[in-house]
Ligand code: F6R
């Protein structure tokens, strides 16, 4: 695992942006894997800025997001589709039909999972996947105990995860109990992974991810086995290393 230490969140966002731009420029039809949450917000703003300066175009790119809540339509302000539209897609030139997220309100959720997995295969797999890290080691919505060979599937969200995400909702009760997520096996098939971790509150988790035992009890630990991972972390996140 390559570790890039940056000073702070701004540095993390700029470095991550540069890596994505290099990926896009180095390929005819790049397939990007994207994440939501707080951590990539700065990255998306940097990408928008770079696009506005004419430094990058997303016209040939396809994007696949890691996950989506079950039960929320894409028009719901807390759905991850809505987040992606607001934070990135509406402000760049990626064609709408080249941006994919699981449909959290599909009538047949199992079918939706299979189809999502198939769409990723049909695109030739993800070239560069952006990941954040949960306090309990989750990647995507793969909570502790998820099988390392799992593919896109439906999950029951951990209470810690629901509490961590409650800040985006008006109450904890409103946070959905289920989500669709790419599996750990799906993530491990991505050709390159860029993991972003910021702040002291993630320090223990990132330490365990890098130095801990590889175990399904701490999903992110599997990244030790991936051949092409770059971890971009700021001083706070690396403070216990
Ligand atoms: C988001 C996702 C999650 C987050 C993780 C960290 O699509 O899949 O795994 O990356 O919960 O979230 P933040 O960045 O809000 O700390």
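Backbone N, Cα and C define each Cβ position, glycine as well.
Positions annotated as domain 'Glucosamine/galactosamine-6-phosphate isomerase' by TrEMBL: 12-229. Annotation comment: TrEMBL describes 67, 138 as active site, proton acceptor. According to TrEMBL, the active site, for ring-opening step annotation covers 136, 143.
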* Number of other Cβ atoms within 10 Å of the Cβ of residue 67 (active site, proton acceptor) across all protein chains -> 22
* Asked: Which number gives the other C-beta atoms within 10 angstroms of the C-beta of residue 138 (active site, proton acceptor), all protein chains shown included?
  -> 26
* Structure fact -> As a whole number of Å, the Cα atom of residue 67 (active site, proton acceptor) is distant from the Cα atom of residue 143 (active site, for ring-opening step) by 12
* Structure fact -> DSSP output for residue 138 (active site, proton acceptor) maps to coil
* Structure fact -> Mean per-residue pLDDT in the domain 'Glucosamine/galactosamine-6-phosphate isomerase' (12-229) works out to 97
* Cβ-Cβ under 8 Å from residue 143 (active site, for ring-opening step), same chain, 6 or more residues apart: which ones? -> 134, 136, 155, 156, 157, 158, 161, 219
